[in-house]
Amino acid sequence: METLESELTCPICLELFEDPLLLPCAHSLCFNCAHRILVSHCSTTKPLESISAFQCPTCRYVITLNHRGLEGLKRNVTLQNIIDRFQKASLSGPNSPTESRRLQPCQFCEQDPPREAVKTCVTCEVSYCDRCLRATHPNKKPFTSHRLVEPVPDTHLRGLTCLEHENEKVNMYCLVDDQLICSLCKLVGRHREHQVSSLTDRFDKLKQTLENNLTNLVKRNSELENQMAKLIQICQQVEVNTAMHEAKLVEECDELVEIIRQRKQVIAVKIKESKVMKLRKLAQQIANCRQCLERSSALITQAEQSLKENDHARFLQSARSVAERVAMATASSQVLLPDVNLNEAFDNFALDFSREKKILEGLDYLTAPNPPSIRDELCTASHDTITVHWTSEDEFSVTSYELQYTIYTGQTTFISLYNSADSWMIVPNIKQNHYTVHGLQSGTRYIFFVKAINQAGSRNSEPARLKTNSQPFKLDPKTAHKKLRLSNDCLTMEKDESSLKKSHTPERFGGTGSYGAAGNVFIDSGCHYWEVLLGASTWYAIGVAYKSAAKNEWNGKNSSSWVFSRCNNNFMVRHDGKEMLVEASLQLRRLGVLLDYDNNSLSFHDAMNSQHIHTFEISFLLPVVPTFMIWNKSVMILSGLPVPDFSVTQTESFNQIHFF
């Protein structure tokens, strides 16, 4: 019913059509509303009778009036009948229950409480009881044109009024000033030349925008809540880890103290045992010295007594044996004297814990090593390997390294790529600061990063983008035209009219003038670069083709091949039989061919000065093979080269066509 009512509503008064006129543009308008539009165009110099046209407020179609004015327009009788039936259905429908009618008081009564309303005047926007309705709406003009409905709440009747026309309700939206306006604003006001939109369209767009922004905001709030939950979880984990580390610190220090205490006891016992042993040995030496001293003192006394004898005969008789004993004692004095070892005094014993003290002073908790740094200038590559070199400031604290890598397509950020763990290859437990990865795709960019690991944790290096070299290839003898001679390990091709001994194969170029050969590889991914040394040749065609490309016609004459060609002093690109002249130096001796299969492009360059010549934009559907055609002299192929970073200032497209 609401949708039907909106269709039966006048765009000017926003009420159900009253005496609707059928305009030539097929829209309708209340007779009184049309009259108000004409009145708004009146002035002292322009009376109402002189106005012969006005605009339809719905579609802006200019309505031309005849001499009868509005009376000359037809009445929309069918629309009026539909409105009458709609009003009857509204009065008896479910939208006006008796419960709602009892709850709506009269807004004109002076008594308190007011009587129950029996009707609501949509024109006056007031609900009346029976007595007030008879008093305010007698059965005469203009009150007979007022629209009376079953009692409804006041908020259902009131609409927003125009800021410039107080008696007009807004029914349009000015897109220039971004504000609500009425029909008069568009017809005669300052919004006359502005672009406007219906309230429904503006409502739908703004509602959709708000819903989208609200969805994004709700999503962002959800992400923030998840992030906050993670941060809270990390805070809790910090508390747990801190308590664990503090307990571990006490445990480790207690163990160190216990080791020191035990070592102290062991060393003290050793000192005591050494003391007892040395004192026992020294006591034995003292006893030996005392014994020798007693014997020597007795001999000295006996010798002194012999020297007192003056009788020669008696002296000789008694002193002879004494003299021998003294001589023997003197001769053996060095043997009889005990050795005195100064080491026995404990002077050579020392307690030096300076090294251990330094170790103890350096005690600290172990942290994860600093991130290593990948040295791009030291990294090397071949067509299927990349050797990654890196350095680390904490090399001595690193237990091992871990290398991770994946193909880089350039379509995603590193963070989102890193989060997709399934796409990463991992090489663990690397003990050196370099590693060679084998089995990579040719001409492909990879992202590498290195993780330094120890017992405390790990840290990642900044990502490094490294590329494998182009796919190396040679000329395939099975494809070479019979009048071409291949040499230099199938890297050089030369026009040779006498070379006709080759057998015919389906892959071989044939036909008059199709002096071509193809490479021995098919490329279906990656970015590849090769160069062609042109020498003195002035007639050639170089490019790529699908396997299905015809072998009995020039490359570029069909939809399966793309070439850059020279014919004497003219340079051109060719595809699907279409040719376009391009600019290139007559001294072109080294042609660079850059095939970026993943990004759908084939470009040609003057490799001597890095000058861009032309780029094809191709939506590759099948693998392609390098192709070469010559009509004079010879050319040589250099393949498997590193992909250069050509700076293309202007990317041309073949007649602005994307090739399929």
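Here the Cβ of each residue, glycine as well, is placed from N, Cα and C on the backbone.
Feature list (source: TrEMBL):
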type	residues	note
COILED	207-241	coiled coil
DOMAIN	10-60	domain 'RING-type'
DOMAIN	104-151	domain 'B box-type'
DOMAIN	157-199	domain 'B box-type'
DOMAIN	307-366	domain 'COS'
DOMAIN	368-471	domain 'Fibronectin type-III'
DOMAIN	453-646	domain 'B30.2/SPRY'
Chain residues outside the coiled coil (207-241) and at least six past its termini with a C-beta under 8 angstroms from it:
none
With helix taken as DSSP H, G or I, strand as E or B and everything else coil, how many residues of the domain 'RING-type' (10-60) land in each class?
13 helix, 10 strand, 28 coil
When the domain 'B box-type' (157-199) is classified with DSSP, how many of its residues are helical, how many are strand and how many are coil?
6 helix, 11 strand, 26 coil
Mind tallying the domain 'B box-type' (104-151) by DSSP state, helix then strand then coil?
10 helix, 10 strand, 28 coil
Could you put numbers on the helix, strand and coil content of the domain 'Fibronectin type-III' (368-471), residue by residue per DSSP?
15 helix, 46 strand, 43 coil
Across the whole of the domain 'B box-type' (157-199), what does the mean pLDDT come to? Round it, please.
80
